[in-house]
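Engineer: So that we are looking at the same thing, I have put the structure below in structure tokens.
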Amino acid sequence: MRIENRQVGLMRKARQAASFDPFELTCLLYGGEDMVQERRAAFERVETLLETQDTSKLPRSYGNMNREEAYEEGLQMGKATFEDGIRHGHDVFVNITPRYMLANSSFHIPFGMHRIMFDPALRLMASAEQLRKWLPLSESGKIIGAYCQTELGHGTFLRGLETTATFDPKEDEFVLHCPTRSSIKFWPGALGFSCTHAIVVARLLIATQDHGLHFFIVQLRSLEDGTPLPGIVLGDVGLKMAYNGTCNGFATFVHARIPRENMLMGHAQVDRDGRYSGASSPETSYATMLKVRGSIVQVVSHQLAQALTIATRYSVVREQGMGPNGLATVETTLMAYRSQQFRLFTLTSKAFGIFFASKAFDEEYVKLRAQQESGDNRELPYMHSLVSGLKAWATQTAADGTEDARKCCGGHGYLAISGLPEIVGAVAAMPTFEGDNYVLWQQVGRYLFKCLDFLKSGRPIDSRVAYLADSYRQYLSVDGQTADPSTSPPCAATGRVFLNRDIQLPMYSHRASRLICDAYQKVRSSPRSPAEAWNDHMILIIGAARAHIEYHLVCTFARTIDNLSSSTSSSLKSTLTDLHNLFTLSAIIDPTTVYASSFVENGYLSTSQVDTIRVLTNELLDKLVPNAIALTDAWDFTDASLCSALGMKDGNVYENIMRWVEQMPINKRAWDENDGVYQPGWNQWVKPVLRARL
């Protein structure tokens with residue numbers, strides 16, 4: 001019988017303290033019990049195949065793995081998940097970064113772009129005839145696709161893309177060419193060595209006319225031996241901060257030829273004589289971008305939850321100091337300290353808030369696509385601004401949050417085997433990937449300004465931003481001048497009334513509308529050119545856009561709780577309400593919160609009200625402490641997928657650390673071969689220093 005050590009006992013007690021059943025929350029997150037069981041079965045199959053369920057063994061990724069071995073590890077994982085999805089007809093492993101979905105590896109699988117970008121772009125851009133040809137090949141895994149848009153010299157600025165596709169009427173072909181060094185396609189996932197085909201974004205040239213960006217399906221490699229086809233040079237971009245299990249690559253097209261029929265012609269066509277008809281559909285191409293950005297939002301919620309699961313589990317078993325008052329008779333766990341509680345639980349509330357917002361966006365996206373199928377694109381501007389803002393807010397929050405979770409684990413969090421450095425490195429890519437966040441904030445700002453322009457001219461705006469209509473009347477007169485913000489009525493709430501949504505939501509809408517109107521007035525009344533005025537006031541614009549998205553987040557979180565089924569337990573509803581309250585109130589008093597001062601700077605909240613919010617925040621933290629482990633268990637991460645010696649479910653942290661450290665190749669070589677001496681280092685470097693005459 002195994003004897004329970006102190007850390008395992010602390011974890012057991014922390015898990016037993018929960019006020020709700022974490023499995024109920026798991027089912028809420030993943031769409032019901034059937035989906036949870038399907039997901040668990042998929043994990044079981046793949047982790048068994050990869051032989052990673054035995055977490056007493058050091059994960060291969062923590063050994064001496066070079067660039068080539070890391071890629072091969074990613075390929076092994078990718079093959080297992082890719083084939084499991086096809087064989088069992090599920091999409092459990094379909095996402096951009098499956099670290100949170102898979103087994104004992106922190107590596108981004110090399111086939112990730114196939115399902116998340118290649119397939120959707122094909123469905124959106126191809127004609128019915130092209131879909132009949134290509135979609136069965138894609139769905140069955142007979143081809144593996146990448147999405148090839150970003151160039152060495154051009155990312156966010158799509159109009160600057162240089163790669164060309166010139167029609168050759170004599171051969172009935174398009175000639176793909178990268179005319180400059182900066183036009184080389186650079187960064188697409190799987191492009192280096194994994195994919196066989198790509199959807200390539202290039203400028204369509206017919207005779208002397210440039211028809212702008214269009215989409216082409218291009219076979220890159222032989223399906224038999226993998227050699228690049230004529231006129232195509234492919235390679236890997238090299239080591240990155242993370243995601244080294246995939247081959248982010250480059251592609252140089254040197255007068256490479258493809259059949260005319262390989263231009264995706266769902267919206268624009270080129271016939272045999274080179275006649276161009278229809279038009280490239282930016283609205284439809286936006287749909288792919290929206291889908292990808294929405295997926296990123298959901299992905300980072302899981303990545304943040306991963307880091308928090310590790311840090312929270314560590315915090316309930318790591319003992320440090322004699323308690324907050326210094327009078328404890330034994331060492332106290334990290335979770336007893338208010339600062340640790342505040343850091344972990346505010347981030348936990350954000351992880352859930354991001355996830356719920358992503359699910360709500362998915363529902364709206366389905367409606368948008370149905371409308372677009374009937375030619376209605378009226379809701380596209382709102383949806384574009386929404387997902388741009390969500391992506392910017394969520395990815396930056398996750399990037400900052402995963403790093404703080406690492407810091408919450410002290411020195412051990414710096415160990416690679418903690419799993420945290422890889423998560424931090426992976427999330428660090430997200431604020432840049434699929435749109436730089438500071439560019440996205442400006443896109444949100446432009447939409448909000450356009451809404452105010454509409455109101456100024458008497459035109460209606462989307463009902464989901466209707467709060468701007470009231471603020472426009474309050475803050476801006478007909479000529480667009482700002483009213484005195486101090487004349488707006490202050491918040492009258494006291495005490496526990498701040499826990500009511502009828503108070504919380506107006507605090508956020510008030511702040512957002514005031515900042516938006518203030519930025520709008522300053523830009524529109526500037527004597528400088530519109531571009532110069534925009535640049536002058538960009539920080540104000542970004543702050544206003546952030547406030548708008550944060551208002552959306554608190555509203556969506558609240559609606560998620562309101563829309564819970566009647567069978568949801570009162571204990572789970574209560575815990576989610578505590579998380580929502582913490583999400584809402586902590587942003588006002590968090591000393592590290594961006595733009596927190598904007599809640600009080602016009603007198604809307606008083607100093608005494610902020611003090612009340614601090615008291616209520618402490619009360620919420622006290623209520624959440626017993627549910628710390630349940631809130632992380634609910635995400636249902638396997639130990640293998642966390643890949644962390646600090647964050648295993650059993651809490652046996654010190655045994656787990658030493659078990660993995662003892663298996664490190666450098667230690668095995670020293671102990672097994674040379675009585676604890678690492679001979680190459682000792683003989684070549686250390687020993688000569690000891691004997692040198694200095």
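Keep in mind that glycine also has a Cβ here, set from the backbone N, Cα and C atoms.
TrEMBL feature annotations, pasted as is:
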- Glu434: active site, proton acceptor (ACT_SITE)
- Thr150, Gly189: FAD binding site (BINDING)
- 23-144: domain 'Acyl-coenzyme A oxidase N-terminal' (DOMAIN)
- 286-448: domain 'Acyl-CoA oxidase C-alpha1' (DOMAIN)
- 504-690: domain 'Acyl-CoA oxidase C-terminal' (DOMAIN)
Engineer: Measure from the Cβ of Glu434 (active site, proton acceptor) and count the other Cβ atoms within 10 Å, all protein chains considered.
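Structural biologist: The answer is 21 other Cβ atoms.
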Engineer: Please report the distance from the Cα of the residue listed as 'active site, proton acceptor' to the Cα of Thr150 (FAD binding site), rounded to the nearest angstrom.
Structural biologist: 9
Engineer: Express the predicted model's confidence over the domain 'Acyl-CoA oxidase C-alpha1' (286-448) as a mean pLDDT, rounded to an integer.
Structural biologist: 93
Engineer: For Gly189 (FAD binding site), list the number of other Cβ atoms lying within 10 Å of its Cβ atom.
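Structural biologist: Taking every protein chain into account, the count is 27.
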Engineer: Compile a sequence-ordered list of residues in the same chain as Thr150 (FAD binding site), six or more apart from it, whose Cβ lies below 8 A from its Cβ; state 'none' when nothing qualifies.
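Structural biologist: Set apart from Thr150 (FAD binding site) by at least 6 residues yet with Cβ under 8 Å, we have Lys185, Phe186, Trp187, Pro188.
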Engineer: Using DSSP, how many residues of the domain 'Acyl-coenzyme A oxidase N-terminal' (23-144) fall into helix, strand and coil, respectively?
Structural biologist: 81 helix, 0 strand, 41 coil
